[in-house]
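The feature domain 'Na+/H+ antiporter MnhB subunit-related protein' is assigned by TrEMBL to B:7-131. Under the heading transmembrane segment, TrEMBL lists B:12-32, B:38-57, B:69-91, B:111-133.
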Amino acid sequence: MINFLLFPIIVPFFVAMVLLFFPSKVKAQRTITMLALVINLVISLRLIHLVHTKGIQVVTLGSWDAPFGISMVSDMFSALLVTSTSIIALFVVWTSMFSVGIEREKHFYYPGILFLLTGVNGAFTTGDIFNMFVFFEVLLMASYLLIVLGGEKKQLRESIKYILVNVTSSALFVITVGYLYAVVGTLNMADISQKIAQVNQPGILTVIAVLFLVVFGFKSAIFPLFFWLPKSYAAPPIPVLALFGALLTKVGVYAIIRTYTLFFIHDTAFTHELLMILSIITIVFGLIGALAYFDVKQIIIYNIIIAVGVILFGASIMNETAMEGAIFYLLHDILLKGALFLLIGVLIHVTGTTNLRKMGGVLSTHPVLAWSYLIAAFGLVGIPPLSGFIGKLLIVKGAIEGDELILSLVILLSSLGVLLSVIRIFIHAFWGEAPQEVMYKKDAHYRALLVPAVIITAITVFYGVGAEVLMPYVTQATSTLMNPLEYIQAVLGGA
Amino acid sequence: MKTNDVILQTTANIVFFIIFLFSIHIFFAGHYAPGGGFVGGLLTSSAIVLLLLAYDLKTISTALPINYVVMTAIGLLIAITTAAASIMFNMPFFTHAYDYYDLPLLGKQSLHSAMAFDLGVYLVVVGVTMTIIQTIGADD
């Protein structure tokens with residue numbers, strides 16, 4: 001089955017098309033979407049197994065030879081990301097059934113999510129830089145739909161900003177690919193890497209590397225380019241926010257890691273130094289935001305920015321330990337951000353507000369929610385048995401090996417800031433006395449929302465406790481990233 | 001006062017068929033000459049837009065009772081099934097097939113499965129363009 005690695009892209013795409021035929025039959029839409037996502041998850045787990053036992057999977061579309069057709073490449077890094085994507089999508093759709101409302105569901109909500117999934121999985125799997133642009137557009141178009149669907153005033157305002165920023169950065173993406181094509185004359189990523197190695201990365205390619213950093217920095221919200229994210233992400237309903245927060249910025253992070261480990265590896269003194277500095281400033285600014293707000297949504301949204309900084313810092317060091325840590329942290333962050341947003345969604349449903357000052361004493365009425373939140377929060381900070389620990393440990397260890405002692409201290413101190421920001425939610429919302437005039441809801445709706453949120457929190461706990469089981473997969477992903485020759489040989493053959 | 005646009009309507013009736021046939025021609029020419037599904041689809045929808053200008057939305061939707069959203073979905077389905085057909089033969093996705101056939105009237109012609117993909121593109125373009133125009137037009 002040479003086409004197997006394409007199935008995580010084709011299945012959601014195909015199902016989304018089928019769902020276009022009967023938008024108002026909400027029950028059928030829900031059932032088919034859930035079924036498709038379960039199938040998708042099974043397929044992506046099989047894909048991990050396939051890549052683990054048989055090495056990097058490649059198929060070049062249309063039976064053309066490698067640099068001329070579009071290559072789709074599934075190495076361990078992309079297979080792991082595709083699987084995390086499938087898990088998150090499954091839980092987001094599960095929650096959506098109870099919380100986005102019939103009106104939204106009737107207007108192509110589920111096809112929107114499935115098209116978004118097509119784009120994300122495609123961007124993780126493609127081996128062609130222009131095809132990556134196309135998949136970016138696929139996921140962005142779907143995200144435009146999801147951010148504006150419902151037509152509330154806030155959504156309309158924020159979607160204008162979101163679309164403007166993304167149209168600009170997409171135009172810049174095309175220009176950058178144009179420059180790169182003018183220099184190396186190819187679009188296949190393995191071939192680009194080989195051509196760059198032949199010319200030994202002259203100055204113009206370093207310029208292109210920085211342009212790529214700007215383009216993907218817009219998508220992944222790194223330091224000077226994150227300004228659009230906090231307000232835009234607060235506009236759509238919670239399940240959409242969970243999907244965006246868990247996936248969209250990570251596609252940008254993936255693209256940065258891919259280009260900076262495959263293309264621009266001959267003059268790392270400038271490019272990777274720049275990436276390192278920017279990611280540290282990203283962490284600092286994210287921390288300032290996370291500590292400044294008394295709004296639960298904003299606190300978690302700024303934590304997305306912090307995590308992007310931590311992952312990119314790990315990737316910029318360019319040694320095996322730190323790269324392993326970055327991959328661990330990236331996967332952890334996809335799952336955990338999904339879990340945190342879903343839990344916050346339950347909290348907002350219960351209290352009816354996002355303002356921390358108006359909450360209090362939820363622990364005594366909703367203990368399951370409270371303890372799940374505490375576990376997720378500790379996981380985010382990286383307290384040992386939980387999921388964030390091993391990633392950050394490896395990043396810090398790699399940073400010390402790479403003689404970046406002071407910067408690794410920044411990472412450790414940032415954990416304290418993250419702890420403060422998320423534990424503030426716990427203290428203000430869960431401890432203390434409830435304000436007198438509020439009656440907290442504890443209905444069937446609350447339980448329906450709680451179940452997926454708790455299950456995904458449990459998955460993040462298993463992710464942390466079972467790090468030993470995951471280690472060989474992450475090691476394999478790292479070895480492909482650190483030795484681009486493996487990737488080139490898999491795509492182009494023995495050349 | 002209701003204006004009498006009999007000249008516009010009579011011309012539109014004739015010109016519609018000329019544009020429509022030209023769009024079909026452009027669509028079939030795509031493999032060897034400039035043209036293809038995208039321009040073909042745009043030309044077809046421009047022919048329908050001409051009718052919309054000459055008459056009104058309601059008349060046209062009775063004359064052409066098409067749900068354009070479904071049309072888009074059918075186009076997408078045709079495109080992906082063409083691309084996915086190669087999976088059945090264990091060839092890479094998107095591998096096309098072609099052969100030469102002796103067709104009645106047309107003589108020896110090559111039939112290429114890229115044609116079916118182009119048909120999908122054509123339907124999607126017509127469907128999307130008409131959905132946009134109809135939705136904006138019907139909005140008060």
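The count begins at 1 with the first shown residue.
Backbone N, Cα and C define each Cβ position, glycine as well.
Per DSSP, the secondary structure of the domain 'Na+/H+ antiporter MnhB subunit-related protein' (B:7-131) breaks down as 87 helix, 12 strand, 26 coil. Averaged over the domain 'Na+/H+ antiporter MnhB subunit-related protein' (B:7-131), the predicted model has a pLDDT of 90. Sequence-distant contacts of the transmembrane segment (B:69-91), counting only residues of its own chain at least 6 positions beyond either end whose CB sits under 8 Å from a CB of the stretch, comprise 97, 113-114, 116-117, 119-128, 130-131. With a cut-off of 8 Å between Cβ atoms, the residues of this chain six or more beyond the transmembrane segment (B:111-133) that come close are 27, 30-31, 36-38, 40-42, 44-45, 48-49, 52, 66, 68-80, 82-83, 85, 96-101. Sequence-distant neighbours of the transmembrane segment (B:38-57) (same chain, 6+ residues past either end, Cβ-Cβ under 8 Å): 5, 8-9, 11-13, 15-16, 19-20, 22-24, 26-27, 30, 63-64, 118, 121-126, 129-130, 133-134, 137-138.
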